[in-house]
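Record features, source TrEMBL:
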ACT_SITE  His446  active site
COMPBIAS  29-40  compositional bias 'Polar residues'
COMPBIAS  41-57  compositional bias 'Low complexity'
COMPBIAS  72-85  compositional bias 'Basic and acidic residues'
REGION    1-85  region 'Disordered'
TRANSMEM  125-144  transmembrane segment
TRANSMEM  168-187  transmembrane segment
TRANSMEM  199-221  transmembrane segment
TRANSMEM  227-245  transmembrane segment
TRANSMEM  314-332  transmembrane segment
TRANSMEM  362-384  transmembrane segment
TRANSMEM  433-453  transmembrane segment
TRANSMEM  459-478  transmembrane segment
TRANSMEM  490-509  transmembrane segment
Amino acid sequence: MAIANPPDESPGQKSEPSDLRHSLRRRPTASSAPDYSSKTNGNSSSNGDESSVGTSSECEDSVRIGNRNGRTHVEDTGTKVAGGEDLKREPDVSVRFAYTPAVPAHRRVKESPLSSDAIFKQSHAGLFNLCIVVLVAVNSRLIIENLMKYGLLIGSGFWFSSRSLRDWPLLMCCLTLPLLFLAAFVVEKSVQHKLVSEVVAGFCHFVITTLAIVYPVVVILRCNSAVLSGITLMLFACIVWLKLVSYAHTNFDLRSLAKAADRGDASFSSLHVDHPYSVSLKSLAYFMVAPTLCYQLTYPRTTSIRKGWVTRQLIKLVIFTGFMGFIIEQYINPIVKNSQHPLKGNFLYAIERVLKLSVPTLYVWLCMFYCFFHLWLNILAEILRFGDREFYKDWWNAKTIEEYWRMWNMPVHKWMVRHVYFPCLRNGIPKGVAVFIAFFVSAVFHELCIGVPCRNFKMWAFIGIMFQIPLVIVTNYLQARFRNSMVGNMIFWLFFCILGQPMCVLLYYHDLMN
């Protein structure tokens, strides 16, 4: 925009810098009106001594007047020249020359931020913060109301009963399970030195992995342990089993690739393996404690340990674990104790109990996910300098049940894909049957982790996981039928978190009490 020369100064006035005065030359006339159709950023361009006047992409935010060569800028708060001097002697310069009525206020087609075409192109961090504030406010009121009405209900009976001190056999079982890794190492070392055949090694690994599950189950059932102690031991036993299977399966595959390479088999030579086959106690020891279920000789590593970061995560872990225990003791336990068996009472009453139990159960489940998958696994990875920390993906955005199971627990998903799903496909098993086998294995371990500590073998957890298969089919159909829809995501939240988990809690509680 061309600007007219300012009036001559009187002898008593202070002179403006020559480059600023030179950049503000003449005011626009009708004949010199700028052509805005060729501008992209709202700034008119000039050459040589010509100055440019315009606005940023958003006319309302700020107005700059600048010369490309002299780098003269006029802003809302004052004037700056190339040397960095802040010219505040005439604060009305930007007002007089910057955003005149002749400057267009509307330059291009725009959508409202909340319109359907632009809503996913905007950042909604502020709305997310609002939801968090409202959630905290509402639940704080409910917590205060509950404390005023019932008092503090937290007790040690659920976490540590009078028989908890007799649970030392479970602790001893937990401490002796890692010895199975040493047995697996001896088997692999024997195969490497050709002391035993592949068939014998496979049988030994079968015995070792079976013992990793049967031994804890027998200890839990014979010792009549507390529920929490039994669940902890079974979770640890399942992790040991999964790691032992991965260790044996991976070493077998590495041996096969090494033998194929020795034979010069072209079909296997194209498969590049980062490291050759070897049996190392050091790599096994690291795998035993690493936050992964898939064995490999080396892992991506970070350069250092952030001690301050680890401390902050540990504090968060303590806080959220305490919050989870508070919800269980203050809300879930009273609701469950005052409810009837959901399959043996009034149907409407059972629905009311399930819906009332759904919110605190959902909070506990989310806290469990955050504590274990985000805090604990990241703490362990930081201490061990384990580099690959994709322990979960954005499962909360999953549009189908199948997407959810692929994203919410990445260590188990990678194990399933590596040691169950693709081996089934390589052996000619159809894809649908391979998916069924993967869900079947998952259902068995869910039942072991819940049914054995509760001493209830009515297969509620197993049925709940296998019921995911028809839900996968339904949500995949809906996603294909209504593209770019979140119907599958809503079905997931409804059946898995709102109805499924509270129903399982009621079923296992009443069967355990009876």
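Here the Cβ of each residue, glycine as well, is placed from N, Cα and C on the backbone.
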Point to revise | Positions on the same chain near the transmembrane segment (227-245), where near means CB under 8 A and six or more residues out | key: 158-160, 164, 167, 170, 173-174, 177-178, 180-181, 184, 205, 208-209, 212-213, 215-217, 219-220, 287-288, 293, 295, 412, 415, 419, 445, 448-450, 452-454, 512
Point to revise | Stretch of maximal Cβ-Cβ contact with the transmembrane segment (199-221) [cut-off: under 8 Å; candidates 125-144, 362-384, 433-453] | key: 433-453
Check your understanding: Where else in the chain does the transmembrane segment (168-187) make close Cβ contacts, counting only residues six or more beyond its ends and a cut-off under 8 Å?
Key -> 196, 201, 204-205, 208, 211-212, 215-216, 219-220, 222-223, 225, 229-230, 232-233, 236-237, 240, 243-244, 247-248, 279, 281, 284, 288
Exercise for review: Report, as numbers and ranges, every residue of the chain located at least six residues beyond the transmembrane segment (362-384) whose Cβ falls under 8 Å of a Cβ in that stretch; write 'none' if there are none.
Suggested key: 286, 289-291, 302, 305-306, 309-310, 313-314, 316-317, 320-321, 323-324, 327-328, 332, 391-392, 408-409, 411, 497-498, 501
Check your understanding: Counting only residues 6+ away from its ends, which parts of the chain sit with a Cβ under 8 Å from the transmembrane segment (314-332)?
Key -> 143, 146-147, 150, 152-155, 158-159, 357, 360-361, 363-364, 367-368, 370-371, 375-376, 379, 505
